[in-house]
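S.K.: One structure coming up, written as structure tokens, with questions to follow.
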Amino acid sequence: MADRSRGFMRDEFVTYAYILLYIALSSGQIFFNKWVLSSKEINFPYPLGLTLLHMIFSSVLCFLLTKVLKIVKVEEGMTLEIYVTSVIPIGAMFAMTLWLGNTAYLYISVAFAQMLKAIMPVAVFILGVAAGLEMMSCRMLLIMSVISFGVLVASYGELNINWIGVVYQMGGVIGEALRLIFMEILVKRKGIKLNPISLMYYVSPCSAICLFVPWIFLEKSKMEGNGTWNFHFTVLTLNSICTFALNLSVFLVISHTSALTIRVAGVVKDWVVVLVSALLFADTKLTVINLFGYAIAIAGVAAYNNHKLKKEASRVTSETASGDSESIPLVSQTTNTER
């Protein structure tokens, strides 16, 4: 009995350690990216180049882990047709999300960027309805209205609003919403099961190619003109390692807890980012209206997460009761590595 109790306590400790690791890595990566992009010491204001570096690093590391060292097994079932119709769109939207989201940090504060990100469920729901994946209901309409109102209030309370940064951040939100829609199509219509490492193995090279093309036209000449090729190798390598470690922490949290836990941890992380950024960055000045609006939006996000999880639990229960062996596998939708 004592051994069982100690084993339970050990499992509890490991679970909470993984959750804290995820929150620390996720919020820390946001601060790290902001510092790299805006710091005069690093002198690397190139969001495309930084994101491209992350995707190349992730591609190489995933290849080493799965094909050379064979520590992680790549899930089977991928075909050329599925890759072209699903993985490439996911990779393109992932590249768009990270590029525009990181670019927004050049114009707006980290805290305000996080507040704008709270509108994500609204974008996902609207696009889901358009794609036939979601059904419009009074409950969901109310939740979307609460989130939208909260984001509007938070934006109204922003002292130094920069509309260029807002446009970039909203573009990143739309890109992420489209990525999640394509992910759901991949799961529900293609029936492919991928863990985060397998997903990054397929998606990272595609995202790198999608980023490389605009990088040539938009940032390559600027980097050459400013002599930025002699960049801080150690700092950028560490930044890329942290990005990959964040993906791994997501995998660990999901495998040891549940989808609800990772969503709750995500909400806690968002608040940590908003509050800590006010201490770290001079461009962050929070107001009471800011925080009040963000609290309303987060309450709406919590209601949205609760609704989605109850819906998923009901679906799984009905499938189990009917003895359906063709259950739809789940794909983690929490692999946004840099925002």
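We number each residue from 1, going along the chain as drawn.
Using the three backbone atoms N, Cα and C, a Cβ is placed for every residue, glycine included.
TrEMBL lists these features:
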type     : residues : note
DOMAIN   : 18-305   : domain 'Sugar phosphate transporter'
REGION   : 315-339  : region 'Disordered'
TRANSMEM : 12-32    : transmembrane segment
TRANSMEM : 44-66    : transmembrane segment
TRANSMEM : 78-100   : transmembrane segment
TRANSMEM : 106-133  : transmembrane segment
TRANSMEM : 140-157  : transmembrane segment
TRANSMEM : 163-187  : transmembrane segment
TRANSMEM : 199-217  : transmembrane segment
TRANSMEM : 229-253  : transmembrane segment
TRANSMEM : 260-282  : transmembrane segment
TRANSMEM : 288-305  : transmembrane segment
S.K.: Okay, the transmembrane segment (163-187) and the transmembrane segment (106-133): do they have at least three CB pairs under 8 Å, pairs separated by 6 or more?
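M.R.: The answer is yes, given that the two segments have at least 3 Cβ pairs within the 8 Å cut-off.
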S.K.: Determine whether the transmembrane segment (163-187) and the transmembrane segment (78-100) share at least three Cβ pairs under 8 Å, counting only pairs 6 or more apart in sequence.
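M.R.: By the criterion, they touch.
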S.K.: Among 44-66, 140-157, 199-217, 229-253, 260-282, point out the range having the most Cβ pairs under 8 angstroms from the transmembrane segment (288-305).
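M.R.: Highest pair count goes to 140-157.
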S.K.: List, by number or range, the same-chain residues at least 6 past the transmembrane segment (199-217) whose CB is under 8 A from its CB atoms?
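M.R.: Here the qualifying positions are 48-49, 51-52, 55-56, 58-59, 62-63, 66, 74, 78, 83, 87-88, 90-92, 94-96, 98-99, 247, 331-332, 335.
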S.K.: Please indicate, using numbers and ranges, the residues of the same chain that are 6 or more beyond the transmembrane segment (44-66) and have a C-beta under 8 Å from a C-beta there.
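M.R.: Cβ under 8 Å, 6 or more out: 33, 36-38, 72-74, 95, 98-99, 102-103, 105-106, 197-198, 200-201, 204-205, 207-208, 211-212, 214-215, 218-219, 222-223, 228, 231-232, 236-237, 239-241, 243-244, 247, 337-338.
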S.K.: Where does the mean pLDDT land for the domain 'Sugar phosphate transporter' (18-305)?
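M.R.: Summing pLDDT over the domain 'Sugar phosphate transporter' (18-305) and dividing by its length gives 86.
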